[in-house]
2 protein chains.
Amino acid sequence: MSNTRAIRLGSPEEYTQLLDQYDTWMFDCDGVLWQGERLIPGATEVLRMLREKRKKVIFVTNNATKSRKNYKVKFDQLGVEAHVDEIYGSAYATAVYISSVLKLPKDNKVYVIGQSGLEDELRDEGISFLGGTDPQDCTTTTPFSLSSFTPDPSVAAVICGLDTSITYTKLSKAFKYLTLNPACHFIATNQDSTYPSADGLLPGAGAISAPLRYALGKDPLVVGKPAKTMLDCIKAKVHFDPKRTIMVGDRLNTDILFGQAGGLATLLVLTGITLESEISGPNPSPIVPDYITNSIGDFLVAA
Amino acid sequence: MSNTRAIRLGSPEEYTQLLDQYDTWMFDCDGVLWQGERLIPGATEVLRMLREKRKKVIFVTNNATKSRKNYKVKFDQLGVEAHVDEIYGSAYATAVYISSVLKLPKDNKVYVIGQSGLEDELRDEGISFLGGTDPQDCTTTTPFSLSSFTPDPSVAAVICGLDTSITYTKLSKAFKYLTLNPACHFIATNQDSTYPSADGLLPGAGAISAPLRYALGKDPLVVGKPAKTMLDCIKAKVHFDPKRTIMVGDRLNTDILFGQAGGLATLLVLTGITLESEISGPNPSPIVPDYITNSIGDFLVAA
């Protein structure tokens, strides 16, 4: 299929054809299945239909503040069927990357800029860590000093996700670990510039790693969409045929790019970040999905 | 003078010639006059000699955590003669930029990411501000929420300097001001990636504005070296002839670039950030000063 122009789904036959064509359906969540606390109309029914048709359903989210178990609670609260092993969050994928790809020795530690969901996933993978929600690192002190800080020589990686308790202490300790030991790995859960919160758009995980990128003059290895690391993590855990897999998302530069980089088909929905004007306006995005539909609920016509 | 190769000063005659050639001497401070709390040998005597020869002496620092008055205390403690009106810090230059160039109406406010020295300079220029050292914005709360935040419609600029009490609250409020009002000015005191502290190199002011740059996809107006805004501020306050002015600094990408951008002669000293190898090694920096000397103390041979 050519990627120069997206197919806008319309007739029931087109939706039915897509359902026939793809066995594995990967979904971004916020902006696709729900918007904040509000379900997208029809999302539950479409997911149920996919399960009835024996499709494999996988949820792929860049949210690194939640563990898969935290995320499952969100699905439960909204009444959407999901199983922990179908959920791939960037916190989980980061922990899997460290344990399965980097294979850090068990007596090594990672220094964490991030929240409890990320810590939970590290713990589940048996990875020791410092920083994170440690009150000492989450508290701002004036005047600032690192004089009581002795770098732990077993720290072999710094990981950085969204952290609403970011402090200069955390940034400085992370900077020290990365400069004192040039072999120390620098890993970002994801690079989203913003994320949709109850307070509207706010700076995302990419903004939290930005100070280190700038101070070090060096980019981190990125785990979350659109990076391939996330797909490698899914591949390591579940079998799917990329040719018969479709990625459904609301964001061109994360979801759609992620699907394209992995050789998957891509479907853009317009219930989230991307606006109609970014596709069909005078300056359309160079990232062109294979298919476009207004909402995931549109698939109900194929039921 | 050609900028393709630096002249390495050596003989007493060369130092004397430079003293004859330039009437105004601009100095970076840390790495030139002192290293942390330690005076560079001969610095006091060379400054005294310049004053005896009726040279104009100006101190130009990117440190935005100190007001000029705070900075004068540092000179006093080290026993170096300096007067408040000879000191140009990026906090002061930022306040002057807002009052004299932007000419913000007096009933407008600025939102501050920065420390008390920056607040002092704003106060001296009669600029009202929010954020900064306000304990409410310097405290990390879990879970994070902006629900009690009502943006102040009189905020017309966000300014961002080094802030060791940076919080996600400050970043989020600044982000809201800059996105809710696209005309809101985004100003950085300086863009230094790191700075030398008592704890060694730590992330600098450029690292503190990096989250906003990344989340907004937009660069701030930069005041400090190497930006021209700093020189414009000095020009507005003191008369000097660029052709008879020399900038002395230890950092190629701030001090030397700053001098070159302003049409000043430049002298690199090797008592700070820049290493000999960056000048004469196999991959020399493309930024070439007019002159190089090991230390400012070398000028004593011309006394």
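Using the three backbone atoms N, Cα and C, a Cβ is placed for every residue, glycine included.
Database features (TrEMBL):
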type     : residues                   : note
BINDING  : B:Asp28, B:Asp30, B:Asp250 : Mg(2+) binding site
ACT_SITE : B:Asp28                    : active site, nucleophile
ACT_SITE : B:Asp30                    : active site, proton donor
BINDING  : B:Lys225                   : substrate binding site
Worksheet entry | Per DSSP, three-state class assigned to B:Asp30 (Mg(2+) binding site) | strand
Worksheet, complete the sentence: Cα-Cα, B:Asp250 (Mg(2+) binding site) versus the residue listed as 'substrate binding site', nearest Å, comes out at 12
Worksheet entry | Rounded distance in angstrom between the Cα atoms of B:Asp30 (Mg(2+) binding site) and B:Lys225 (substrate binding site) | 14
Worksheet item: Roughly how many angstrom lie between the C-alpha atoms of the residue listed as 'substrate binding site' and B:Asp28 (Mg(2+) binding site)?
Response: 10
Worksheet item: Which state, by DSSP, holds B:Lys225 (substrate binding site): helix, strand or coil?
Response: coil
Item to complete: Return the residues near B:Asp28 (Mg(2+) binding site), defined as same-chain residues 6+ apart in sequence whose C-beta is under 8 angstroms from its C-beta, sorted by sequence, else 'none'.
Response: B:Phe59, B:Val60, B:Thr61, B:Lys225, B:Met247, B:Val248, B:Gly249, B:Asp250, B:Arg251, B:Thr254, B:Asp255, B:Gly272
Worksheet item: Here are some binding-site residues: B:Asp30, B:Asp250. Which one has the most Cβ atoms within 10 Å of its Cβ?
Response: B:Asp250
Worksheet item: What are the other residues, in sequence order, whose C-beta lies within 8 angstroms of the center of the C-beta atoms of B:Asp28, B:Asp30, B:Asp250 at the Mg(2+) site?
Response: B:Cys29, B:Gly31, B:Val32, B:Leu33, B:Thr61, B:Gly249, B:Arg251, B:Asp255, B:Val269, B:Gly272, B:Ile273
Worksheet item: Including all protein chains displayed, how many Cβ atoms other than that of the residue listed as 'substrate binding site' lie within 10 Å of its Cβ?
Response: 32
